[in-house]
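Quick look at what Swiss-Prot lists:
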type	residues	note
BINDING	166-173, 191-195, 212-215, 279-282, 308-310	GTP binding site
BINDING	173, 193	Mg(2+) binding site
DOMAIN	1-159	domain 'Obg'
DOMAIN	160-327	domain 'OBG-type G'
């Protein structure tokens with residue numbers, strides 16, 4: 001499936017139906033008076049957050065959404081039916097912006113959340129509304145009001161409990177594949193991952209969601225490479241797992257590069273709890289492992305976890321560490 005995390009769409013709610021001009025016509029009643037009904041209200045445009053979606057790709061093929069016009073009023077004081085609504089189904093985590101792409105309309109953060117983006121126009125009054133002591137037989141009615149139209153931006157920020165960050169080839173996709181059922185593309189060259197992947201990890205019978213984003217390189221916050229575009233997807237996570245490849249010549253420099261990019265990007269990423277791990281340790285002998293572990297620990301201020309997704313070494317301990325931070329964060333949110 002292709003990944004799309006930002007798109008522009010045009011929406012228009014339905015016009016209101018016109019009121020009817022009608023007069024009561026019955027046997028033996030010569031002057032029946034007006035009985036034109038009101039027009040129906042136009043359909044609304046809604047947005048709804050649903051599970052099972054993790055991309056906005058459907059909006060690449062349909063970018064115009066228009067609700068139906070309300071039915072016109074009819075004689076015998078019959079009101080027209082409301083026009084059919086239109087609902088845009090989006091992944092949980094989608095933000096809706098005005099056309100300027102900066103003014104937030106609504107943040108769809110929960111499954112089943114609905115929001116009305118555009119209300120349908122009111123139906124026009126039928127001529128029965130205009131009967132008065134001075135005009136017993138009005139022969140006019142109101143047209144329905146026009147619906148609203150606007151252009152909006154949809155921007156997806158995936159919702160996950162933990163986010164994987166690191167340089168390209170740090171082993172993030174391999175880690176995700178090893179601890180979840182996700183099947184990201186894996187190869188031994190930089191930028192194999194071109195879009196975020198989500199997976200559900202289980203440890204001690206507890207599940208949590210992990211997001212893997214494309215690797216960051218120096219200058220990412222300024223648009224170098226592709227990782228900066230996807231940093232928004234880890235803004236909502238509760239903890240970051242920072243993977244540093246054991247194949248790096250200078251593990252301290254690799255750590256500091258990503259740390260600097262997170263700080264420069266902003267969005268609160270630099271303040272998030274972070275677990276640092278030295279990955280791909282199966283490629284090192286014992287002396288090299290000890291030296292690189294010490295260098296990385298000195299750079300980040302705490303001994304790193306040591307993991308290999310190939311041999312499964314340290315994987316359970318890492319998942320437990322992530323789960324512990326996530327549980328603590330959830331408890332803090334509930335207390336607040």
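Even glycines carry a Cβ here, placed using N, Cα and C.
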Rounded mean pLDDT for the residues that make up the domain 'Obg' (1-159): 92
Local Cβ density at residue 169 (GTP binding site) - other Cβ atoms counted within 10 Å: 21
Within 10 angstroms of residue 173 (Mg(2+) binding site), Cα basis - binding-site residues out of 166, 214, 280, 308: 214
Other C-beta atoms that fall within 10 angstroms of the C-beta of residue 280 (GTP binding site): 21
Fewest-neighbour residue among binding-site residues, criterion Cβ within 10 Å, set 173, 308: 308
Fewest other Cβ within 10 angstroms of its own Cβ, chosen from the binding-site residues 166, 214: 214
